[in-house]
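Visitor: The NADPH binding site feature in TrEMBL is assigned to 13, 14, 15, 16, 127, 129, 213. The 1-deoxy-D-xylulose 5-phosphate binding site annotation in TrEMBL covers 128, 154, 155, 184, 207, 220, 225, 226, 229. As annotated by TrEMBL, Mn(2+) binding site applies to 153, 155, 229. Residues or ranges marked as domain '1-deoxy-D-xylulose 5-phosphate reductoisomerase N-terminal' by TrEMBL: 7-135. According to TrEMBL, the domain '1-deoxy-D-xylulose 5-phosphate reductoisomerase C-terminal' annotation covers 149-237. Under the heading domain 'DXP reductoisomerase C-terminal', TrEMBL lists 269-385.
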Ligand code: NAD
Ligand code: MG
């Protein structure tokens, strides 16, 4: 039997997708790319196909698929190019696939990620929005199918590394008191509050420590990213929201910590480079080279910690509120945030209006139980409609 693992990379043209392919390329004896997907940036997707020779590529629509198919055929590749959301699910659940990197951004990643989970794959989860939206349904599907879910988000990957192997018995049972979720505080950690009304998308996307896609960069600036991660941590580690404390740590060297009842606190450290959690999850339970430079503690010199200010970062409060409410509230929060962030990136609203939109959506739409994927998608659609109405009333 071949030892080569077949990998599907959903969102291959994005920041996480490219980092994943970088790690995979260092280990051709272990990994083979089975499928690559991309929504835009067709030229980049073509280049990636030429380099990794996948069996399948998936684009947004028939037109772009035909274009890519033509280019790949002309280059002598046998890659089959498919189009659309159903094809994303097909290449995730395909019987030949061993592991799926879920690195599509936002709600668009939910169904292909769930398809990988339901097919019992090893699922490397970067697409936190998928888990935030569908929470319990997602985790139940993991249990049912026997999928192996490994967190790629650096914080959750760190927590996973600091927990004992049998943490699924329950945090209390393995002696965990709380989880300390670190946050850089983003580019506006010290910006005078009044100036936040004027900040631009470029400023919001200029993250001090991490280079990431635009949506997650804005989420980091508003700290909604940490709010989504709080909800993500609750589902991944079966924690209650009060068991997860957010700690601002501007150097982004400690990627999170676990506090045990005996007073021990375990942390995972490393340079802020996503190739570390990606390599960890790809090879788990083994370790492989990721290409990340060794951590130089003498260069880091100091580690600082601060309590987050919820006046400055209202999104953190809103996310905690949604985590406590449960049901459809996290899906509403996520969808309202996606609409608001897109509007901010298009300069239709000011930065602090992101939180105002989410607040209004959460206040006007009661949380309901979510017992099916249909209910999750309905909550997502309602929140998008409400946020859209807000934009029509107040947006530019
Ligand atoms: P990105 O914007 O760089 O890439 C997103 C990818 O998704 C691209 O390949 C794009 O083509 C694809 N995509 C976008 N819309 C799509 C749609 N409607 N249908 C199908 N595909 C679509 O984003 P990123 O920074 O790589 O983040 C990806 C995910 O990983 C996000 O959920 C993010 O929160 C999470 N994450 C990212 C980082 C990071 O360092 N970048 C860290 C932790 C978690
Ligand atoms: Mg993170």
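A Cβ is built for glycine as well, from the same backbone N, Cα and C atoms used for every other residue.
TrEMBL labels come from automatic prediction, so no person has curated them.
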Visitor: Write out the long-range same-chain contacts of residue 127 (NADPH binding site), meaning residues 6 or more apart in sequence whose Cβ is under 8 Å from its Cβ.
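Guide: Expected: 10, 11, 102, 103, 104, 105, 106, 109, 110, 113.
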Visitor: For residue 225 (1-deoxy-D-xylulose 5-phosphate binding site), which residues of its chain lie six or more apart in sequence with Cβ-Cβ distance below 8 Å?
Guide: 183, 186, 216, 219
Visitor: 15, 127, 128, 129, 213: which of these binding-site residues put a Cβ within less than 6 Å of any ligand 2 atom?
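Guide: Within range of ligand 2: none.
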Visitor: With a 10 Å radius around each C-beta, find which of these binding-site residues (128, 207) has the fewest other C-beta atoms nearby.
Guide: 207
Visitor: Nearest to residue 16 (NADPH binding site) by Cα, among 128, 155, 207, 229 (binding-site residues)?
Guide: 128
Visitor: Might you list, by sequence position, any residue in that chain lying six or more from residue 155 (1-deoxy-D-xylulose 5-phosphate binding site) with a Cβ less than 8 Å away from its Cβ?
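Guide: Counting only residues 6 or more apart in sequence, the Cβ neighbours of residue 155 (1-deoxy-D-xylulose 5-phosphate binding site) under 8 Å are 181, 182, 229, 233, 255, 256.
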Visitor: List the residues of the same chain that sit at least 6 positions away from residue 15 (NADPH binding site) in sequence and have their Cβ under 8 Å from its Cβ, in sequence order, or write 'none'.
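Guide: Long-range Cβ contacts: 211, 212, 213, 274.
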Visitor: Suppose we screen the binding-site residues 13, 16, 225 by Cβ distance to ligand 1 with a cut-off under 6 Å; which survive, in sequence order?
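Guide: So the answer is 13, 16.
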Visitor: Report, as a single number, how many Cβ atoms besides its own are within 10 Å of the Cβ of residue 16 (NADPH binding site).
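Guide: Neighbour count, Cβ to Cβ under the 10 Å cut-off: 28.
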Visitor: With an 8 Å cut-off on Cβ-Cβ distance and a minimum sequence separation of at least 6, pull the same-chain contacts of residue 129 (NADPH binding site), or say none.
Guide: 105, 106, 107, 109, 110, 228, 334, 338
Visitor: If you average per-residue pLDDT over the domain '1-deoxy-D-xylulose 5-phosphate reductoisomerase N-terminal' (7-135), what number do you get?
Guide: 98
